[in-house]
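Trainee: Below: one structure in structure tokens.
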Amino acid sequence: MVRLAAELLLLLGLLLLTLHITVLRGSGASDRQDAAAGNNNLNLESDSTSETSFPLSKEAPEEHQVVHQPFPRQRFPPETGHPSLQRDGPRSFLLDLPNFPDLSKADINGQNPNIQVTIEVVDGPDSEAEKDQHPENKPSWSLPAPDWRAWWQRSLSLARTNSGDQDDKYDSTSDDSNFLSVPRGWDRPAPGHRTFETKEQPEYDSTDGEGDWSLWSVCSVTCGNGNQKRTRSCGYACIATESRTCDRPNCPGIEDTFRTAATEVSLLAGSEEFNATKLFEVDMDSCERWMSCKSEFLKKYMHKVINDLPSCPCSYPTEVAYSTADIFDRIKRKDFRWKDASGPKEKLEIYKPTARYCIRSMLSLESTTLAAQHCCYGDNMQLITRGKGAGTPNLISTEFSAELHYKVDVLPWIICKGDWSRYNEARPPNNGQKCTESPSDEDYIKQFQEAREY
């Protein structure tokens, strides 16, 4: 088998030589100088058989790989009269094996001839001229090998020099960064390496997609009732927000405002002593007696409440769900601050049974009363304008005094035994923006009959 492979390899070499002869005949090279140049190339490649491209191995006689490599073009001065190259005619070529040093001792009839053949095709003058006409078709790499190695060494030395500072102030967008050089120890943290965590982009666990909560933000107000927020990452392009209330000392001026209002109340009531319970008649045993209270002060106070408070938005403002929000009132033509009033402390299921969300206006230094607007919304987030779920104005805001708010605004509802029809008659719900009536007439009549029967 080895002998057969060697014979086939020799036959292949002879076929390639024959092909070469045919090419030489087609090119019209008939002078002896070209033949002598070909002879020198053959001798040169025969002497360097250790660098041949067709080695024959005993271990893998049937595995051959053909590697296409560009052949260097070399020129040698012609030598005439070489005995190993003979010509019988103008276009004949004979290969005399005994005249080759490495092939003269080869035994073709032996079992394992050690033969290595290298063939180099040298382009003729015609083909060289043709290639020179299209130099732009081939990429030109003008950087020689020594210059490339020098540039690479300079890049590596620069990376090593800056590696100490690069750990602390590395910026991927820096112009001095070398994207080809890989710093040593890139797969493990270097000694003394410092890690900076930013609040703008908190890290999160890739397993559950949720990161750690950030610190609570500063309270939204410096006095009174406000809120705080904190966030965390919940995945790609997702940020979760959590909110909580924060109580601060009462804002300066509120006490003075209430003291002024108390003075006005005492003067309007014709008495120097101010008693809010007696004024609003919340200690009466009968709802009718509370409703029949028509003091001059109450009339003026209610008039101020109507003129001072904003109108209820027709739809629930979602921005107040986590924080206070400024909402423009197109009737008053200015902004009013609102906050959510849907928490458990409001007990909507008792006082506003059909309401899902409620909001309450906030006091400001421009307020002429201590009242707050109260608006409630259904499941469709539309304003409830009438019925047992409609919001009613609070004569005393919870911001000022939760206890006084309970006595003035909540206790009358309890005295009337939850009969919202009579309570809303004394404290009519607000619909200053002429929103669509809700609930419908049929539902409203049904609620009214149930309230009367109760």
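Glycine is no exception: its Cβ is also placed from the backbone N, Cα and C atoms.
Worth saying up front: this structure is predicted, and the values here are computed from it rather than measured.
Feature list, courtesy of Swiss-Prot:
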COMPBIAS  38-55  compositional bias 'Polar residues'
COMPBIAS  128-137  compositional bias 'Basic and acidic residues'
DISULFID  C219-C246  disulfide bond
DISULFID  C223-C251  disulfide bond
DISULFID  C234-C238  disulfide bond
DOMAIN    208-252  domain 'TSP type-1'
DOMAIN    279-442  domain 'AMOP'
REGION    29-93  region 'Disordered'
REGION    125-144  region 'Disordered'
REGION    161-209  region 'Disordered'
SIGNAL    1-29  signal peptide
Trainee: Pop the Cα-Cα gap between C223 (disulfide bond) and C246 (disulfide bond) into the table, whole Å please.
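Mentor: Cα to Cα, C246 (disulfide bond) and C223 (disulfide bond) are separated by 10 Å.
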Trainee: What is the interatomic distance between the Cα atoms of C238 (disulfide bond) and C223 (disulfide bond), given in whole Å?
Mentor: 32
Trainee: Among the disulfide-bonded residues C219, C223, C234, C238, C246, whose Cβ has the fewest other Cβ atoms within 10 Å?
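Mentor: Output over disulfide-bonded residues C219, C223, C234, C238, C246: least Cβ neighbours within 10 Å is C238.
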